[in-house]
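Asker: So Swiss-Prot lists these for the protein:
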SIGNAL    1-23  signal peptide
DOMAIN    24-367  domain 'GH18'
ACT_SITE  E128  active site, proton donor
CARBOHYD  N178  N-linked glycosylation site
CARBOHYD  N213  N-linked glycosylation site
CARBOHYD  N247  N-linked glycosylation site
CARBOHYD  N284  N-linked glycosylation site
Amino acid sequence: MALSDLLELTLLLLLPLLERLSAEDCPCSEASLCRPIRHHRDFEVFVFDVGQKTWKSYDWSQITTVAVFGKYDSELMCYAHSKGARVVLKGDVALKDIINPTFRASWIAQKVALAKAQHMDGINIDIEQEVDCSSPEYEALTALVRETTEGFHREIEGSQVTFDVAWSPKGIDKRCYNYTGIADACDFLFVMSYDEQSQIWSECIAAANAPYNQTLTGYGDYLRMGISPRKLVMGIPWYGYDYICLNLSKDDVCAIAKVPFRGAPCSDAAGHQVPYRVIMKQVNSSVSGSQWNQDQQAPYYNYKDPTGRLHQVWYDNPRSISLKAAFVKHYGLRGIGMWNANCLDYSDDALAREQTEEMWGALRPRL
């Protein structure tokens, strides 16, 4: 059986089931909470949620969209709708498949049906795969975004279709995308202004996850392409990177192992990601305490592990995030968001509660 025939058969079997699910009683306390959110707020606060129940402690006074990257939770959907916030699907697909228009149509129809069945408000397309500029995938990706937007907007009133892009449009991680075409084709781009050391072309040393000037250079590149600032939402990291130092100089320069990535000799793969809640528990007992790098406008600290090895941890905190939030406001970007909201400590501990409130508060742009 050909791939297109198999897809059509799967769709024929799946759609009636999803339609029946959608028609079932609303899981919310009020039927109105199962209706899609139709209004659009002036300032977007876009939240990625990866599961569990920490969402109950989020700052819902700010949130406009929750992208569900964990298991679907109808309770989350009901609560978000009660606060006027959208809840959107994750959209991921192998790029080699989307060259086929029949496959694209089937994939989109399934996603629309799933969103309807789960009373959701759209989709966040997260495809972080390599694309060659001269490949058929280059045009197919833009077509997928355009057709997905058309399908969702037609079938779900007020729905939102967004696309995740790297911190810069300049071929990061070998992703040659039609950025202007994709921006035109969807509601807005979520710019992942983090993992900016995924390809290290200079010295193999530890550095900030999202250095201030480098981050802003990426937005300048997008804006110079003619993409409207109203089509850009700044993504900031609520996690950092922990690197083992092969050598730590007196100036706190941490030499790291050479781990190549997509052509670059070194990368942040030499380290590992650490959520902010873990960082806050470790920083005060570290060798150095929290330090501030003026060039990168980011905090870091050094610590020794039980075997005596020195580590350097780079992260973002309310100070570094506030600087970026001010840029969002000054240049009229669509909004701000983070990967991911689960990274904070939502326990009843008084200090943790204060730290968590400060991180949410840093999202509010100040000049």
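Just so you know, glycine gets a Cβ as well, placed from its N, Cα and C.
Fair warning: this is a prediction, and the values are worked out from it, not measured in the lab.
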Asker: By a simple count, how many Cβ atoms lie within 10 Å of the Cβ of the residue listed as 'active site, proton donor', its own Cβ left out?
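Answerer: So the Cβ neighbour count for the residue listed as 'active site, proton donor' comes to 14.
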Asker: May I ask which of the glycosylation sites N178, N213, N284 is closest to N247 (N-linked glycosylation site) if we compare their C-alpha atoms?
Answerer: N284
Asker: Given N284 (N-linked glycosylation site) and N178 (N-linked glycosylation site), what distance in Å do their CA atoms have, once rounded to a whole number?
Answerer: 45
Asker: Could you tell me the C-alpha distance between N213 (N-linked glycosylation site) and the residue listed as 'active site, proton donor' in angstrom, no decimals?
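Answerer: On Cα coordinates alone, these residues lie 23 Å apart.
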Asker: Which is it, of N178, N213: the one of these glycosylation sites whose Cβ has the most other Cβ atoms within 10 Å?
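Answerer: Highest number of other Cβ atoms within 10 Å: N178.
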Asker: Provide, as an integer number of angstrom, the distance between the C-alpha atoms of N178 (N-linked glycosylation site) and E128 (active site, proton donor).
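Answerer: E128 (active site, proton donor) has its Cα 13 Å from the Cα of N178 (N-linked glycosylation site).
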Asker: Within 10 Å of the Cβ of N284 (N-linked glycosylation site), how many other Cβ atoms can you find? Include all protein chains, please.
Answerer: 10
Asker: Kindly assign N284 (N-linked glycosylation site) to one of the three DSSP-derived states: helix, strand or coil.
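Answerer: The three-state answer is helix.
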Asker: 10 Å Cβ neighbour count around N247 (N-linked glycosylation site)?
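Answerer: Other Cβ atoms found within 10 Å: 10.
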